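Note sheet for the following structure.
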Ligand SMILES: [Fe+2]
């Protein structure tokens, strides 16, 4: 994580220089997921060495550096690494020193466990008149589980405003576009898009307006496309719709140098360096950052009766060692047709051994028309019951079933984990966004039990013949 632009972050353009850069930027990408790619900044054609990774002297007198995202000896199907050809190697920095942790934590014992359904109102973005916030101070850990030192677990953070950092992250912007610099190139990521910055990759993010979003951090594993089983070769998130930035470098110095922030064993450290971390002229490999537009998700749904499980909406999964069990799945609920006959169409009531954190990028979630708002969230922990609110149940039980559009203008998502997540003190108290009345949405649920007749009630409430 880095940065020099970010320390200028404000609600407007940070500087004339950045405005000019912004206006003249065009973003280019390589399509595909997990492929072996190669890219050169067009200012230095031929920057990639030919026929080998580590020549005695690289073209343009660059340094060669490998970034390993997997153990050297991982099977070929899971082996991830990239070679970077850069002006100076990333080791060119002063020593790292511990810095203020802000609201980031990996302490899952801050507060006592709470099995209740939790819901948060939209997390408040700091006002322009308040102290300026960069990535580190704008990042708030909401919940998580596991152990970062043993590379097993996850954390969910809320980012408010703006930042720069270097973690292994899935970013879900909800408000405001993100202009992301990485060692591999630049990406523009807008709400309804996501991006993944993989472990060890340095990046910096600029914002141009009030900004808010969600971050899923997983320890020790990488996001993959889910297996498709009987669906076959196509569908859900198609590999060609993932976009990898092309090589881009800057060779410049800034007053005071650059600050690289390193998140190591859950703590933050900062180191100064003279050169921009974004000095990679060319790269090749299969370990890269990438982005994806959620509009491209090919939705599959029931066309007869009942529901498929929501796993049918999985965009990316970070697998655990147990087959079929994820450290975290990223699942979306996109616009689609609902056509199931003789079926209660909203999500069914359930309890789940998995933990479900939900967020809303835009619109209205079908099972909760009020209370669950864009920029807010909810957590239904392991085996905690949840489902449609009373109003939704009454309406959907009486609705005339015809093909209908569901979730137009809406994008809700879920981080679903096999780990039982703990909520932080910030999440429960400091954020001041916890909706104390969430449980009340189920209080109006009433019994419709008719012990003397198994006939269901019709549209008008009368028992069917
Ligand atoms: Fe659920």
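Glycine too: its Cβ is placed from the backbone N, Cα and C atoms.
TrEMBL labels come from automatic prediction, so no person has curated them.
Note that this is a predicted model, so its numbers are computed, not measured.
Feature annotation from TrEMBL assigns domain 'Homogentisate 1,2-dioxygenase N-terminal' to 29-294.
Summarising the annotation, TrEMBL assigns domain 'Homogentisate 1,2-dioxygenase C-terminal' to 296-449.
Taken residue by residue with DSSP, residue 307 (active site, proton acceptor) is part of neither helix nor strand, so it is coil. Cβ-based neighbour count (10 Å, all protein chains) for residue 307 (active site, proton acceptor) stands at 16. The active site, proton acceptor annotation in TrEMBL covers 307.
For residue 365 (homogentisate binding site), the number of other Cβ atoms no farther than 10 Å from its own Cβ, over all displayed protein chains, is 23. The homogentisate binding site feature in TrEMBL is assigned to 365, 386.
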Calculate the distance in Å between the alpha carbons (Cα) of residue 365 (homogentisate binding site) and residue 307 (active site, proton acceptor), and round it to a whole number. 17
Do me a favour and check the Cα-Cα span between residue 307 (active site, proton acceptor) and residue 386 (homogentisate binding site); whole Å is fine. 16
